Amino acid sequence: MEGDSSELELRRRELQSQLSNVNIRKQNAICVRRAYKRYGTKKNPFVILDGLNMTVPKGTIYGLLGASGCGKTTLLSCIVGRKRLNAGEIWVLGGTPGSRGSGVPGPRIGYMPQEIALYGGFSIKETLTYFGWIAGMTDAQIQNRLEFLVKFLMLPDAECMVKNLSGGQQRRVSLASALLHEPELLILDEPTVGVDPLLRQSIWDHLVEITRTGHTTVIITTHYIDETRQAHLIGLMRGGYFLAEESPAKLLRQFEADTLEDVFLKLSVIQNMGRQRRSSIAQAVSSVVGVPNGVVNEAVIVDSAGENNEISGEFGDNISLSARSTSRLSLAISEDPGDLSMSVVPPEDTPPAKISDYFVVLKSNHMKALVWKNFLGMLRNVAMMLFITLLPVAQIVLFCASIGHDPVSLPIAVINHESENNCSTPLHCNSTRLSCHYLNYLAKKDLVLHYYTSEQDAKESVRKGGMYASIAIKHNYSLALQARMVDLKNSHPWDVQSSEIDVYRDVSSKTIAEFIKAYLYDTFQEFAQDYLEACGYDRHLLQYPIRMEKPIYGLSSPNFTDFATPGIILTVIFFLAVALTSGAMLIERNEGSLERSLVIGIGGVELLTAHVICQFVIMVIQSIMVMVVAFALFNMTVTGSLVLVTILTFMTGFCGMCYGFVVSCLCSDERAATYVAMGSFLPTVMLCGIIWPSEAMHYLLRTFAIFLPLTKATESMRNILQRGWDFYEPAVYVGFISIGTWIVIFLTISVLFLKFNKG
Ligand SMILES: Nc1ncnc2c1ncn2[C@@H]1O[C@H](COP(=O)(O)OP(=O)(O)OP(=O)(O)O)[C@@H](O)[C@H]1O
């Protein structure tokens with residue numbers, strides 16, 4: 001029981017902040033205290049950092065060593081502020097990463113991630129120009145450094161495209177990008193992979209050189225353990241914490257080893273076996289792995305000198321070595337839990353916030369670099385950009401040319417038992433070939449009449465799908481029709497029956513069946529009115545006693561294209577903006593270049609703004625071309641303000657871009673983004689009243705659809721185009737308000753996501 005509670009107390013203390021003060025924080029380039037980081041869930045955690053402490057004094061080269069997958073990159077990501085610890089503290093250059101005034105992320109750091117993380121379509125010079133501008137360098141400074149780095153890192157011509165370089169050359173460009181602005185803190189994740197030994201040596205010499213003055217600090221990870229002999233300090237990482245944090249020379253001496261690999265091996269074995277009380281186990285282990293006497297003891301001995309230094313070693317099961325002050329290093333070890341101060345870490349010495357801090361979120365040098373980079377990226381992909389720009393035009397052309405027109409050339413089977421199908425004589429009151437005249441009227445309606453001799457065959461042709469309908473006219477049709485029309489009151493049932501035309505339709509296609517029905521009715525009315533007139537009657541007698549006056553809004557014969565085009569224009573512009581933006585953001589993120597830009601100080605808002613600027617240009621071109629095609633080429637009805645229509649279209653495109661940002665934030669790759677975009681496309685088209693009136697929807701869906709981005713915007717555009725309404729009509733301005741609200745929502749989500757999501 002007592003053992004349990006002391007164990008608990010020990011764990012509790014491990015998670016407590018240790019004594020620290022502002023001076024010590026400032027003295028060291030990096031202090032990591034009790035860092036705990038896990039991936040996975042709380043219930044099923046994959047612990048990467050488990051109470052890790054690290055101290056990197058200013059002006060040192062710190063070699064971060066450990067087996068593949070031990071968490072080096074994760075630790076570095078936390079240090080540069082790209083990932084958050086689950087518990088523990090990190091101070092970098094005197095501040096906590098991400099806090100105002102800390103300068104981290106920012107140009108004080110030079111970060112070379114493990115991946116190449118460069119724009120393949122840029123030349124070496126363009127790459128360095130981009131990072132140089134972000135770091136606030138002038139063109140002349142960039143040129144100077146470029147010349148030096150190309151020579152020093154043995155890079156090919158600066159005009160060479162990064163994508164055409166070998167893997168090793170690309171890594172060197174990546175290193176050059178980190179070294180370019182001579183930052184205070186260089187964080188290099190495996191910079192020497194794929195580099196020949198000669199160059200590797202000169203890179204190390206360069207690192208030694210730049211740290212000599214004490215103004216530059218370097219953290220370097222590598223798998224080649226022995227190349228870190230030139231480091232001032234190495235941290236050997238295993239199992240989520242450091243086995244040792246010490247100068248290489250001292251480690252070699254204390255372990256009486258020839259190589260650092262041997263030291264690492266010995267420490268690893270000690271760690272494996274030292275999961276119980278170290279004092280008993282460690283001593284036993286030392287004989288097994290040949291650890292010199294005294295080393296293990298020294299590792300567990302409290303640094304009784306009690307120097308007022310930071311604690312960088314581990315306690316508990318961890319074995320660390322004492323690293324008392326060297327000329328520049330100021331490390332000390334304390335492993336006795338009793339020695340731990342429980343005092344709270346003093347507050348950050350963050351400068352007081354100025355009002356302008358909250359408004360000036362766009363730095364001119366950052367915006368210049370980002371916008372230039374985005375446009376350059378577009379120019380390097382002219383074919384793709386042309387395709388993207390013309391795509392909406394092609395879609396609107398296809399829509400206007402294919403959707404909404406009346407069907408023509410519908411094949412109809414005809415059996416006319418009354419007369420031959422040749423009646424060139426004009427229609428007159430005593431005609432005995434009225435059926436033939438009626439069929440002539442029908443033929444003018446673009447129905448293609450196919451004459452049959454047997455009713456059975458005609459019906460069979462419909463059954464087989466060759467015809468949409470079969471029309472059968474009886475042999476005494478004309479006489480029966482005359483009798484029926486001239487003497488309505490006394491017509492014989494036989495006349496009524498014989499004057500009827502039997503129609504057998506295929507109604508599997510509702511639209512075509514309705515069109516055929518309308519053609520037959522309308523044509524008959526026209527034919528019958530002409531016939532009445534020929535007999536001396538008023539043709540209006542045969543008209544519906546309902547008069548359709550000139551419409552207040554819209555055309556006398558409205559067409560579906562006019563109804564659907566506003567929604568289609570907005571949908572096309574919206575979803576192409578989604579695709580363009582989410583694609584651009586995901587490519588940037590997955591290439592790793594985004595990570596790098598963020599570490600060097602680019603903010604989420606700047607990133608979004610730069611994409612907005614570049615893609616807004618494309619969207620404006622797309623929108624204008626789409627409107628020209630729809631209104632000028634296809635004569636879509638326009639009765640209202642084209643300025644309002646244009647603004648609404650731009651806003652919709654902008655809303656699509658913002659939605660694209662959200663999609664790219666939520667999705668890890670292009671495939672997931674495609675699914676999300678596709679998954680939202682069809683519901684939008686179905687629910688927003690774009691191709692079918694929302695009045696026909698289930699009332700619950702209809703209520704829900706009101707809140708979708710394109711519902712009110714589409715209605716608003718229809719009202720402007722076809723009713724000619726002005727902005728002050730509620731049915732118009734509500735569309736603007738709705739799309740504006742969605743822009744704010746999507747933008748807020750994106751900005752918050754970029755700000756707070758750090759893995
Ligand atoms: N986002 C993540 N989600 C889940 N697990 C992750 C994530 N990132 C890294 N890991 C895991 O965390 C562990 C540590 O990864 P990390 O990249 O930090 O190791 P490393 O020491 O840098 O390895 P290497 O030397 O091979 O680069 C690995 O097992 C890795 O699979």
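Each Cβ is built from the backbone N, Cα and C atoms, and glycine gets one as well.
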Feature transmembrane segment in TrEMBL, mapped to one of the ranges 674-692, 693-711: 674-692
Top partner of the transmembrane segment (731-754) among 563-587, 640-662, 674-692 - counted as Cβ pairs under 8 Å: 640-662
Cβ contacts under 8 Å made by the transmembrane segment (563-587) with residues that lie 6+ beyond its boundaries: 374, 377, 388, 391-392, 395-396, 399-400, 403-404, 594, 611, 615, 618-619, 622-623, 626-627, 630, 636, 648-649, 652-661, 663-665, 667, 669-670, 673, 677, 680-681, 684-685, 688-691, 709-710, 713-714, 717-718, 721
Mean per-residue pLDDT computed across the domain 'ABC transporter' (24-264): 86
